[in-house]
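The feature ATP binding site is assigned by TrEMBL to B:11, B:12, B:13, B:14, B:15, B:16, B:17, B:18. Feature annotation from TrEMBL assigns domain 'CobQ/CobB/MinD/ParA nucleotide binding' to B:5-226.
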């Protein structure tokens, strides 16, 4: 239900194409900087992990997510492998 | 000792060569002895933008290979005192740019010049890496458009890690942004990234904003650096950028759309 006062509220700012460009760029630039800051072996490790997993289950490229985080003086490599219902059996 | 400046971008067609020609001319006009080098081996174009294409005899690769001396290869600009152009080779391939060879040529130029501007080719391959490697600072040329901004960020990553300064542990190469082909009226309509957007995304200091302008094409048609067109908005924007480059504080101009006066609106000219 729309109250009468809603008519006096300014409409939300329209989603302009420049706004979309900025949001998309912020996401991709942050991601690529993360990759750049990470060690060189991450892409190769990601690829090889996928190959090993594919020996047993069918997964797509996006189902293995890897992030490397610095916490204090230790680094944490987090590997997330998502198996969907249909992918569980080869 | 000369100061070595790389004009780079990642993406092609954003205005690196136009900027190299304009900034080199601007620095020379301020009395600094300046050399501008075309690193785009195989796709030489700086000579055409500077209007000296018919005077090329020897090129950068000839000097690296010892086939010609620097004195023979440098072209003295006819319009501007203190300005010299070292053209790229049109025939050799990019492997001709060895780190040792480029370093030697830059060392020799450093004895005599105040500024050496390296006009980088597009991409992130050998030519672009060599143009940036020996630099003391960088000017990153960007258009307010997604692929150009992304490529500039990638290039900033390379400048921070793959240059001699970075390898010697002196940290990222000092880099400033030159935003070109800026159209304030399109920014107002929400059709184009604003200066603030690009600065926020790239987190980089702004050297200048050059408006989209017919004068840039006119200047390249004529083979004359656009900075010499003192009446034009783009020429003035480049003059401002050169002044800022030399440490002067100047407010940014051409950031807002020209408002039409009441007469202009009446006659919709």
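Cβ coordinates are placed from backbone N, Cα and C, and glycine is handled just like the others.
Please treat TrEMBL annotations as automatic predictions, because they have not gone through curation.
Since we're looking at a predicted model, the values are computed, not measured.
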Residue B:12 (ATP binding site), number of other Cβ atoms within 10 Å: 13
Among B:13, B:15 [binding-site residues], residue with fewest other Cβ within 10 Å: B:13
Which listed residue (B:11, B:16) has most other Cβ within 10 Å, given these are binding-site residues: B:16
Tertiary neighbours of residue B:17 (ATP binding site) (same chain, Cβ under 8 Å, six or more apart): B:38, B:40, B:45, B:46, B:49, B:119
Cβ neighbours of residue B:18 (ATP binding site) where a neighbour is any other Cβ within 10 Å: 27
Distant-in-sequence Cβ neighbours of residue B:14 (ATP binding site), under 8 Å, six or more positions away: B:141, B:142, B:143, B:148, B:180, B:181
